[in-house]
Amino acid sequence: MTSFQEVPLQTSNFAHVIFQNVAKSYLPNAHLECHYTLTPYIHPHSKDWVGIFKVGWSTARDYYTFLWSPMPEQYVEGSTVNCVLAFQGYYLPNDDGEFYQFCYVTHKGEIRGASTPFQFRAASPVEELLTMEDEGNSDMLVVTTKAGLLELKIEKTLKEKEELLKLVSVLEKETAQLREQVGRMERELSHEKSRCEQLQAEQKGLLEVSQSLRVENEEFMKRYSDATSKAHQLEEDIVSVTHKAVEKETELDSLKDKLRKAQQEKEQLECQLKTEKDEKELYKVHLKNTEIENTKLVSEIQTLKNVDGNKESMITHFKEEIGKLQSCLADKENLHRALLLTTSNKEDTLLLKEQLRKAEEQVQATRQELIFLAKELSDAVNVRDKTMADLHTARLENERVKKQLADTLAELQLHAVKTDQEKTDTLEHELRREVEDLKLRLQMAADHYKEKFKECQRLQKQINKLSDQSASSNGVFTKRMGSQQKVNDASINTDPAASASAVDVKPAASCAAETDFDMSAKDHVCEVTKEMAEKVEKYNKCKQLLQDEKAKCNKYADELAQMELKWKEQVRIAENVKLELAELEDSYSLQLAEKDKEINCLASFLENLSREKELTKSLEDQKGRKMEGQSPQQVSRCLNTCSEQSGLLPTLPAAQPVLQYGNPYTAHETRDGADGAFYPDEIQRPPVRGPSWEDNVVCSQPARNLSRPDGLEDPEDSREDENVPIPPDPANQHLRGHGAGFCFDSSFDVHKKCPLCELMFPPNYDQIKFEEHVESHWKVCPMCSEQFPPDYDQQGFERHVQTHFDQNVLNFD
């Protein structure tokens, strides 16, 4: 066996044209239709032709007969086209037992497609008859035709089909109901999901609002921590001041000791003066010493004065610290008010109030500590005043400063209270004043609107009167002109000169009076219209201002109402959302449990239906197998002897997987009626061994057709190649060595069993049919007849078949 070469079917020349519905055999003298498909890999030509070749051909000249391939109508390049050719019966070969195949040859002489092999055989009358047992449970055998048996089977299958259709309609109705239920549940689930998503979005909004409130609370806490840190810093400053005061007190004690020592020394000096009056020198020295001590005391007094100055600076520092504390208290009070205005949460306000109360207590404690320190300082000053007279003034000043500080603190507190009260009073007064102003403006606007309306009516009446007056004046003027014309006509005949002068004067006077009246009327109308326009503009402005004031009032009222109701609504919404989420979770859990139960019920129902179908199928199979009777022994013996004498089994290719355009090397199985009695869906047809063709195959070139295809040599030249033996194929020799295949002996009266599918057959079953069934499990190469096991790879089998065409490349040069 040669090595296989991987060649895709798309690139093979023999797969460009696919022959469809090729039978295993055809009648010799009957018309034959050839169906084939042109793939996108071939471009048709008007000189392309389809020929019948004997299997084993070597060149395109080895055709038996051919027909020109018609050019497809409306052909589009790159598309697939189905074509049909009809071969006449008198051009076809006779029943010679040879295998033939269709080949598509292009105008260049290239073979681009080949069909599966087939034979030309005449039908025998024995093959059309069948024997079967009588249905009346008698031992009689009934001989019928295949057509009758097939009609009975068709009637049975139609009845079964009707029953199955009824069952399918019932099942379809049930499935439609189940689908409706599932769709309804899915719609409910989608509705619930959308509702859940909406609630989740609302919850996210509430969480964002709470987060913003938390951020504000954190900011207030930071401010409070800053204030507490400042208070701690002030406490530390107070502690440092107390330490300094203690140090000063120790210094005062040391000064007191020094003063006592000085007094003792002075007493000693006085004693020495009394005792030693004579010793002037010593007295002078003693005076010098006393002067020195006095200077020291003066310096000490100066130092004490400096200390007093330091105390004053400390007092000023304390005043500044007290001012800072007061500013901190004011800031805390402002923060407290801001918190009361901004936050409506009761718990937060209580916490902040508690924190403010603690801070106020701490401030009060610091104030008390300051008072205690002031008292201690006053005590120290009193002691110092007792010891030194010079420091008495400082003590008085210190007390005065303390009084001033207390006064200032009291004044500041009173001022803060007064300012707060004044602010509230001013706000209330301003709001009341604005409300009263708005009321007055509304009243004034209403009065003004009434006045303007009255003025408009009055002016409208005046305009109507003026228009009437102008119309009447025009009528009078026309009448006067007519009468004047008559007077002028009468005076022409009497006194021409006088009449002429009168005519000249009177018309001029009448025209001047009329024009003056019209001008005054027009001026009056213009003034009235201007006044009306100005008043209308003023009215519109007042109306606009009134609307603006109303809008502002409504806006302020709405904002206050919204600020009051906002937090309550948020709290209520949050509680409702929590309750709804809990209810939704419970409802979802219940719905899921119910749907799981329904799904389990449907699954169990479908399993029961499938089991019932399988049981009905198995019962029908058993009934069909029981209905099949045993064939008569005489017919089986005759058929067995015929098969033993012939010894040749036809090779039938196995069923292959479906390709894109069909496999050109697989035959469409056309099972006869007898084989169809044993469930053709379960019976397959691979071969056991290849056909025992002769080693020396003679290729002849018949001259039936008068015309020959273009591009080929003269048929007379090809006749020289007749009777030339073709060397035997090594694959065929290999198969002949193993040509025994399966040995079927019909002499044993036992049930026949397929060695591959383990299907049981009756003892008298046709041996040829049984062998064909066993052969149907195997795969046979259509070129070399090599057999392959049933589980052999389909691609490997196709590669093997392709190697035969690759090894025998055709040359037309």
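Just so it is clear, glycine is given a Cβ too, placed from its N, Cα and C backbone atoms.
Swiss-Prot has this to say about the protein:
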- CYS754, CYS757, HIS773, HIS777: Zn(2+) 1 binding site (BINDING)
- CYS781, CYS784, HIS800, HIS804: Zn(2+) 2 binding site (BINDING)
- 144-596: coiled coil (COILED)
- SER124: phosphoserine (MOD_RES)
- SER138: phosphoserine (MOD_RES)
- SER225: phosphoserine (MOD_RES)
- SER618: phosphoserine (MOD_RES)
- SER631: phosphoserine (MOD_RES)
- SER692: phosphoserine (MOD_RES)
- 320-420: region 'Oligomerization' (REGION)
- 667-732: region 'Disordered' (REGION)
- 751-777: zinc finger (ZN_FING)
- 778-804: zinc finger (ZN_FING)
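Counting in whole angstrom, SER225 (phosphoserine) lies 92 from CYS757 (Zn(2+) 1 binding site) by their C-alpha atoms. Considering only the binding-site residues HIS773, HIS777, HIS800, HIS804, the Cβ with the fewest other Cβ atoms within 10 Å is that of HIS804.
Ranking the binding-site residues CYS754, CYS757 by C-beta neighbours within 10 Å puts CYS754 at the top.
With HIS804 (Zn(2+) 2 binding site) as the anchor, the candidate binding-site residues are CYS754, CYS757, HIS773, and the one with the nearest CA is HIS773. CYS757 (Zn(2+) 1 binding site) sits 22 Å from CYS781 (Zn(2+) 2 binding site), taking the Cα positions as reference. Counting only the Cα atoms, the space from HIS773 (Zn(2+) 1 binding site) to SER618 (phosphoserine) is about 22 angstrom.
Its Cβ taken as reference, CYS784 (Zn(2+) 2 binding site) is surrounded by 18 other Cβ atoms within 10 Å in the chains shown. Put simply, HIS777 is the one of the recorded positions SER618, CYS754, HIS777 whose Cα lies nearest to the Cα of CYS784 (Zn(2+) 2 binding site). Rounded to a whole value, the Cα-Cα separation of CYS754 (Zn(2+) 1 binding site) and CYS781 (Zn(2+) 2 binding site) is 22 Å.
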